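Database features (TrEMBL):
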TRANSMEM  B:15-34  transmembrane segment
TRANSMEM  B:81-103  transmembrane segment
TRANSMEM  B:123-146  transmembrane segment
TRANSMEM  B:167-185  transmembrane segment
TRANSMEM  B:197-217  transmembrane segment
TRANSMEM  B:246-269  transmembrane segment
TRANSMEM  B:289-309  transmembrane segment
TRANSMEM  B:329-347  transmembrane segment
Amino acid sequence: MGITAIVFWILSALTLFSAIMVLVSKNPVHSVLWLVATFFSISGHYIMLNAQFLAIVNVIVYAGAIMVLFLFVIMLMNLNTKTEMKKNLWMKLGGVISGGMLLWILISVVRTYAEQSKGHPKIASVNTGEIGLIKNLGHVLFTQYALPFELCSVLFLSAMVGAVVIGKKN
Amino acid sequence: MTLLAFDWALFIEKLVLIAVVIFGSLGIALYSTWAERKVAAFMQDRIGPNRAGPLGLLQPFADGAKLIFKEEIIPNSANKWLFILGPGMAMTAALITSAVIPWSSHLEIAGRIMPLQVADVNIGILYIFGAVSLGVYGIMIGGWASNNKFSLLAALRGASQAISYELAMGIALIALLMLTGTLSLKEIVEQQMAPGHYWNIVYQPLGFLIFIVCIFAECNRTPFDLSEAENELNMGYHQEYSSMKLGFYLFAEYVNMFVASAVMATLYFGGYDVPFLNESLLSPNVAALVGIIALMVKIVIFIFIFMWVRWTIPRFRYDQLMELGWKKLLPLALANMLITAIVILWLQHK
């Protein structure tokens, strides 16, 4: 077992542990902080795949911006167990079904991939792939995937305008 | 043993470098507190600390010892774990930025080339941006865990201020990136050192102005220290803290100041470049030493500017702060970015 494998197992254990803690924590603020820890360990995985740009953008966008806003809202609402809404049975049932279907799809993706690549399995390129570097990624995004990229930016713009419109109502 | 197939010399070299950088940052932050009091005294025509040692030079150690030996109080209704975590996160976020700063060129010890930079990652600027965006967690967690409404208000103010000023800062940096074409801090410094090339401040004066204002806001320094506005919030987000936990919060501010000064010197003022001197003529070790001294001089000048501003400009009101960030700096940064892009395109197709 090389040093890469050891780091991988430690990171994976950390990711799973923090992800479980997000669900188990009673206090919403603790949940948010565990989620931040999860993002950090996922960023660690990105770095192991030599995707440094993705890793740092994951930290900036999710840990640095979105989670701060989450924390902001939770702190302002001052949620605690007493004021927690009671969810009705149908809601819980719907959650279980949709969550189970998502799991089903994920498992089927992994299984079809494993069956298709029988005999010559493709292993994630650790520490060698070049596509995650910012130069190559930028090149691909602005040539091969230019149209989807621009469409995404329009989508974000419209979401922003929508948020402003909703905010202006009051 | 495959575990041993690992460059242990590199590991030890980096470990030593990290230790030196961290203790160096802490040492400089320690003496920044002394310098701040001396600068304040000078501006207000006083003498400042002069009892502990010559010129009061032992004052920081006396303060540190006092903070450590003071009684530590954790409020009954505070969230204990987060209350303890808060100051630690503030300090960690302040220190991790120093990992990507190139302190000088490289040393040559017994034929081994030792770069004086902990990690030359090819996303250096984004790393700094990420580390800055984490700085707000220390304030938010500490303020919320204290279970005090003034602390909470201060924490929310600090968070919204940091998020607002990150935007203008990021856009000011994008203009710089268009110019350099690289995100690696080492390459940015080397570009500025190259003959026939000037420091980035010459090409990006407006960008630097926006950047330094945003850095002041991100470091929570006056005139933007809204999260510790004593006259409206009693004391701010660290009101319930005592002993060394309070010390960590106060100290993290000085570490932040030091690292921010290093970043500004690296991005806009040539890093370890000495003006009008061709470093390649010197032997590598001498060049490295001269480089460190040059960078430190630039950093000290920036730290002095931080203090100068603090004792000159009064604190902004909260609405003024938000107006400056969103209605003035952000459009200015966008205009700066567009103009830079147009000029670069024009020069390429001339």
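The count begins at 1 with the first shown residue.
Note that Cβ sites are derived from N, Cα and C of the backbone, with glycine treated the same way.
Under 8 Å from some Cβ of the transmembrane segment (B:15-34) lie the Cβ atoms of residues 49, 56-57, 59-61, 63-64, 95, 98-99, 103, 114, 116, 118, 250-251, 254-255, 257-259, 299, 303, all in the same chain and six or more residues away from its ends. Remark: the transmembrane segment (B:329-347) contacts the transmembrane segment (B:167-185), by the rule of 3 or more CB pairs under 8 A. Contact between the transmembrane segment (B:81-103) and the transmembrane segment (B:246-269) is supported: at least 3 Cβ pairs lie under 8 Å, counting only residues 6 or more apart in sequence. Counted as Cβ pairs under 8 Å, contacts with the transmembrane segment (B:167-185) are highest for B:197-217 among B:197-217, B:246-269, B:289-309.
Only residues 6 or more beyond the boundaries of the transmembrane segment (B:197-217), in the same chain, are considered here, and those with a CB under 8 A from a CB of the stretch are 161-162, 164-166, 168-169, 171-173, 175-176, 179-180, 188, 191, 223-224, 260, 263-264, 267-270, 273, 306, 309, 321, 324-325, 329, 332-333, 336, 340.
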